[in-house]
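As given in Swiss-Prot:
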ACT_SITE  SER151  active site, nucleophile
ACT_SITE  ASP317  active site
ACT_SITE  HIS350  active site
BINDING   ARG221, ASP351  substrate binding site
DOMAIN    46-355  domain 'AB hydrolase-1'
Amino acid sequence: MNNDRRFGLKRHITLPGELALDGGSLLTGIEIAYETYGHLNADASNAILICHPLTADQFAASDHPITGKPGWWSRMIGKGKPIDPERYCIICSNVLGSCLGSTGPSSFTPGTETPYAMNFPVITIRDMVRAQAKLLDYLGIRQLKAVIGGSMGGMQALEWASTYPDRVKSVVIIASTARHSAQNIAFHEVGRQAIMADPKWRQGNYYEEKDPPVAGLAVARMAAHITYLSESGLTARFGRRLQSRQEKSFGFDADFQIESYLRHQGIRFVERFDANSYLYITRATDYFDLAEEHGGKLANAFRGTKSRFCVISFDSDWLYPTSESRVIVHALNAAGAAVSFMELSNPNGHDSFLLDAPDLHRTVHGFLEGDRA
């Protein structure tokens with residue numbers, strides 16, 4: 001497959017035909033941006049799909065073209081690492097609705113040079129997965145050795161197991177949930193309202209002016225980023241320490257290190273992400289409820305599955321706490337699925353799966369080694 005131009009870095013495909021969305025709309029001319037690492041073997045049996053979290057992208061193990069930083073999961077993917085491109089063909093695509101090359105609100109409507117903006121249809125996690133399935137068809141991959149995802153990526157992995165059970169041999173769900181809770185929805189709504197309250201949002205029509213609502217998007221990111229951390233981690237890293245000063249300013253600059261850190265996170269984020277995409281993708285996660293899709297009983301989503309599952313949580317994650325993972329495990333047990341579960345200890349909260357987490361790496365490696373077929 002070395003000379004097959006379908007595989008490699010910075011790849012694009014226009015999906016053939018139409019994609020019917022859960023909301024009732026039809027999308028045509030869908031662009032999907034993706035990357036692959038490693039080579040597909042002769043019988044196409046070594047493919048692993050990586051599903052990215054909320055605001056990540058297809059650059060899982062290559063330098064980001066905007067920030068120049070290493071891939072968001074380069075700790076997990078690479079030579080000698082748990083997901084090794086010398087053994088596997090690894091695929092990661094930018095989700096439908098995003099802004100790093102796949103069709104989303106910043107894309108032109110077919111046959112025009114006018115962005116969709118808020119005319120883009122509301123999408124779901126299942127819509128994202130349907131688009132990924134079409135990508136795999138194009139790549140000639142009938143069945144995945146594994147689908148792996150953390151956070152929103154875990155939602156996609158669950159949806160893969162439910163919607164395309166015959167196409168997935170193994171499923172790894174990390175720091176995720178089978179449905180968004182009221183608290184999760186609440187935090188997302190704060191972020192969306194911050195964006196829409198920014199005068200530069202202009203009802204989503206800010207592309208022509210090239211003056212996006214960066215202030216609102218930065219605040220949305222700051223609010224969300226808090227949920228990715230843990231109280232113990234914040235205390236250990238920042239405490240109440242002041243930022244570059246000996247005394248409080250008695251003003252509203254960033255007196256505390258944590259304030260400066262959050263502002264920095266917001267500024268960095270707006271350099272690489274689109275505000276409207278943030279609205280659409282957070283809405284997709286809020287709509288996610290796998291049990292609701294199957295008559296209100298989560299076990300029904302996995303009935304008859306032959307896939308192996310590995311569910312992993314972190315003890316400091318309060319965005320998707322271990323209790324959410326246990327719900328998934330109980331449903332898989334009720335469905336008679338083969339499932340292993342690990343709660344890992346890590347002080348870094350929800351973001352633990354993106355950071356140095358040796359226990360996570362050992363767990364994923366061991367699970368993949370358990371299926372050598």
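Each residue, glycine too, has its Cβ placed from N, Cα and C.
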If you count the other CB atoms within 10 A of the CB of SER151 (active site, nucleophile), including all protein chains displayed, you should get 27
Just checking: which of ARG221, ASP317, ASP351 have a Cα that is within 10 Å of the Cα of SER151 (active site, nucleophile), counting only these recorded positions?
ASP351
Across the domain 'AB hydrolase-1' (46-355), what is the average pLDDT of the model, as a whole number?
97
Check HIS350 (active site) against DSSP and tell me helix, strand or coil, would you?
helix
Including all protein chains displayed, how many Cβ atoms other than that of ARG221 (substrate binding site) lie within 10 Å of its Cβ?
23
What is the separation, in Å, between the Cα atoms of ASP351 (substrate binding site) and ASP317 (active site)?
8
Cα of ARG221 (substrate binding site) to Cα of HIS350 (active site), in Å and rounded, measures 15
Take the C-alpha atoms of ASP317 (active site) and HIS350 (active site) and report the distance between them in angstrom, rounded.
4
Using a 10 Å radius around each Cβ and all protein chains in view, which of these recorded positions has the most neighbours: ASP317, ASP351?
ASP317
Specify the secondary structure state of SER151 (active site, nucleophile) as given by DSSP, simplified to three classes.
coil
